[in-house]
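Per TrEMBL, the features are:
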REGION    1-40  region 'Disordered'
COMPBIAS  18-37  compositional bias 'Low complexity'
DOMAIN    47-187  domain 'Potassium channel inwardly rectifying transmembrane'
TRANSMEM  84-105  transmembrane segment
TRANSMEM  159-182  transmembrane segment
DOMAIN    194-234  domain 'Inward rectifier potassium channel C-terminal'
Amino acid sequence: MSALRRKFGDDYQVVTTSSSGSGLQPQGPGQGPQQQLVPKKKRQRFVDKNGRCNVQHGNLGSETSRYLSDLFTTLVDLKWRWNLFIFILTYTVAWLFMASMWWVIAYTRGDLNKAHVGNYTPCVANVYNFPSAFLFFIETEATIGYGYRYITDKCPEGIILFLFQSILGSIVDAFLIGCMFIKMSQPKKRAETLMFSEHAVISMRDGKLTLMFRVGNLRNSHMVSAQIRCKLLKE
């Protein structure tokens, strides 16, 4: 049995079968019970070996509103693929919205049809369609400033929109970049270089029975003020 265990590992268990009381052929002389390998049923763990707890809360009531009430922490706790998706989606929607606002101003003032008139002063110079309005917004938002498209002093609504764009851009940048920075600075993968002993033992320690296991750090850097929490589950 020990040889079978070493060969197939702990994912299989040895089951002894007998042909008595079944429709199998009768055994010949010298034949005893047969042994076969049966895959073990994997049991759900309350706590994984990497320290992650598998217990999830359910049926709490108004769970979605609780997560949305603390939106910043919810974004930080999301997986990376969802963070990147929300990051790209938010910037894309904000850029298209603000570019549309600049295009609406140029359209209502008639700048799209008079952009090439020599003595006409538009709200934004050299903006005559939506792509040019989008490029103007990107140049101002990213502080590129090529100098080809610019706001003139004949457009008070453009000045107000420019102030709103600056405030909205600062809020979006602070929220999303802060979220990404905090998520990157969290040492969630630090446990990957911490090794725990495969088995725990119970032995006498200072005259008392003590549960003991070993913890090893693969990195050369030291862990300051490290804390270990253990959970004991028993029937």
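Using the three backbone atoms N, Cα and C, a Cβ is placed for every residue, glycine included.
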Average pLDDT across the domain 'Inward rectifier potassium channel C-terminal' (194-234), rounded to a whole number: 85
Tally of residues which DSSP labels helix, strand or coil - the domain 'Inward rectifier potassium channel C-terminal' (194-234): 0 helix, 16 strand, 25 coil
Secondary structure composition of the domain 'Potassium channel inwardly rectifying transmembrane' (47-187) [DSSP: H/G/I, E/B, coil]: 90 helix, 4 strand, 47 coil
